[in-house]
Every structure is written in C-alpha cells, then in structure tokens.
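If you check Swiss-Prot, you get these features:
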- HIS178: active site, proton acceptor (ACT_SITE)
- 7-13, 34-37, ASN99, 121-123: NADP(+) binding site (BINDING)
- ARG86, ARG92, ASN123, ARG154: substrate binding site (BINDING)
Amino acid sequence: MKVTIIGASGRVGSATALLLAKEPFMKDLVLIGREHSINKLEGLREDIYDALAGTRSDANIYVESDENLRIIDESDVVIITSGVPRKEGMSRMDLAKTNAKIVGKYAKKIAEICDTKIFVITNPVDVMTYKALVDSKFERNQVFGLGTHLDSLRFKVAIAKFFGVHIDEVRTRIIGEHGDSMVPLLSATSIGGIPIQKFERFKELPIDEIIEDVKTKGEQIIRLKGGSEFGPAAAILNVVRCIVNNEKRLLTLSAYVDGEFDGIRDVCIGVPVKIGRDGIEEVVSIELDKDEIIAFRKSAEIIKKYCEEVKNL
C-alpha cells in the first residue's frame, strides 16, 4: 500500500502520518510539503521511525517538496490536508477561496502523474472535494472528502453517553455540510437495533444542544489547544482501512451526488457511501423524513453556492 499525504507538516497531516505508518498494510508513505517545511518533515520522519521501533511495521517513509510530485506515482490514495488553517471565529466558508486555489493546484498535478484516489481533508471540505473533482477530472468514485464522518462519530458518542450505553450499540449519522447546516438523521438512529424514538428517555434528549456541541467542537478545540489533529487523523485512518481491506462499510463522506437525494445534483456533500478498494462504490440513497429533506436541501444549496464561486479559480 502506498499513501501520499500532501500537507504532511501540519497538525492533521503529521498525526495521520503516524497512525498510517503504524498500520501493517503500510509499505510506502510519502510526506509532501512546501520547500520551507522539508526540515520539519524530515524530523517528522525520524520521529515516526523512532515510534515504530520494536513494532511490526516496516513502512518506508519518504519526504519530498511539492515542487517534485513525481514521487507520488503509483499511490493508492493521495490525501490532501494542505490549506490555510481555520482560526477561532472563522467559518469554514471563509476559507473557501484561498484553499480552493491550493487544492485545485494539487488536484491538477495529481491527475497529471497518476490515476489514483484523492481523499480531501482541507476545509471547507465539501467545497474542496468538489474543487478537487472538477480540476482533476477524475471519475466521481475516485474523489471524496472526510465530510461529516467525524461529526457522525461525535454525534454517536453523545447519544451513547446520554442513554448510558456502549458506543457500539449506537447507529446514527449526520449528513449535509461539514459545518453549520449539518443534518442529524434521527430517523435513522437506533440503539441496539431499536429506533431511538421508542426509548422512553428520547423525549428528554437535548438534541439541539448536542448538535450545537458537534457543530462547534472544532472551534472549541482551536480555542483550547490551537487546532484539532488526533480526531481527524483517526477518522482518516478509518477511511483508508476501508479502502485497503475492501471493507465496503457505509461511512458518511463528502461525495458527488447526482440525484440520489431528493434530486439534488452537481454538489459534493456528506452522504452515506459504500467505500471499498475502488473508493466510493455507491452513494447510498436512504429515505429521509420531511424535516430532514428540507434541511438537507438547504445544506446542499449553501455548499453549491460556494462551489460555483470557486469552480473556476
């Protein structure tokens, strides 16, 4: 397995590099950064090698400048984490125009070098996923973003804590924008296979408070420690494992939709997808209730507006 991380010197990129390097499937890990970050990346490589000492990992780690991307050839997955980081008080959409130029540049270069899968992490992730898809001209199954996968995990944890059950008993997800217009799917939430609405405590569930906490978790972490890294890195690892092991799990990622949800088209947005060796094998259409459809359509319209603005940058 060969994985490339573009933007590996950043918080999420470096944390992801460590987690991936520890995996037994990892053979070649390529860390890409701008020229001024090469020393930091070389230090990261040596630090990771120290962490791997005495483990079963035999990953080869390579460091290269983004001026020489030929090294990414034959990568199974290219992860893009590059971009201007979000600061406290800054919305994800504020980042769109600046980061679109960065992501678009890399997407074009990747497409020139290899036929691979592009996994976008850069925020606002739905808009950046669309930009990477448009500029790479890859098939829709090859380009996807982290989307609301981490948001869904945070929501799952909150539900488990409220009902006092093991997290594995909870099945739920959040769709839509990775941002303010995200949509929790209570209609598709269950505990131990039982619809959540059938539990007596459901009427006490502070759903608005929980969703607000999920929405602002990233900003909370930025305020407390400068930025998140471990949560996103673990979520990224989940997705890469699905690809490597051809797990065909249903994850909520940012994917291009073409009418699967209420006729919405030409936008990348967080939806349930079946993910395996070929990337997105299927955008899984599910039945939403009336309020969820309205909220999802609103979310798609918000993303689409920004996609149109950055499409030709």
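From the backbone N, Cα and C atoms, a Cβ is placed for every residue, glycine too.
Recorded features from Swiss-Prot, shown on the structure.
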residue: GLY7; record: NADP(+) binding site; Cβ neighbours (10 Å): 26
residue: SER9; record: NADP(+) binding site; Cβ neighbours (10 Å): 23
residue: ARG11; record: NADP(+) binding site; Cβ neighbours (10 Å): 18
residue: GLY13; record: NADP(+) binding site; Cβ neighbours (10 Å): 27
residue: GLU35; record: NADP(+) binding site; Cβ neighbours (10 Å): 10
residue: SER37; record: NADP(+) binding site; Cβ neighbours (10 Å): 20
residue: ILE121; record: NADP(+) binding site; Cβ neighbours (10 Å): 27
residue: ASN123; record: NADP(+) binding site; Cβ neighbours (10 Å): 28
residue: ARG154; record: substrate binding site; Cβ neighbours (10 Å): 21
residue: HIS178; record: active site, proton acceptor; Cβ neighbours (10 Å): 30
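Put simply, ARG154 (substrate binding site) is 36 Å from GLU35 (NADP(+) binding site) when counted between their Cα atoms. Taking the Cα atom of each, ARG154 (substrate binding site) and the residue listed as 'active site, proton acceptor' are about 12 angstrom apart.
In this structure, the CA atom of ASN123 (NADP(+) binding site) is 9 Å away from the CA atom of HIS178 (active site, proton acceptor).
DSSP classifies SER9 (NADP(+) binding site) as coil under the three-state reduction.
Looking at HIS178 (active site, proton acceptor) and GLY13 (NADP(+) binding site), their Cα atoms lie 19 Å from each other.
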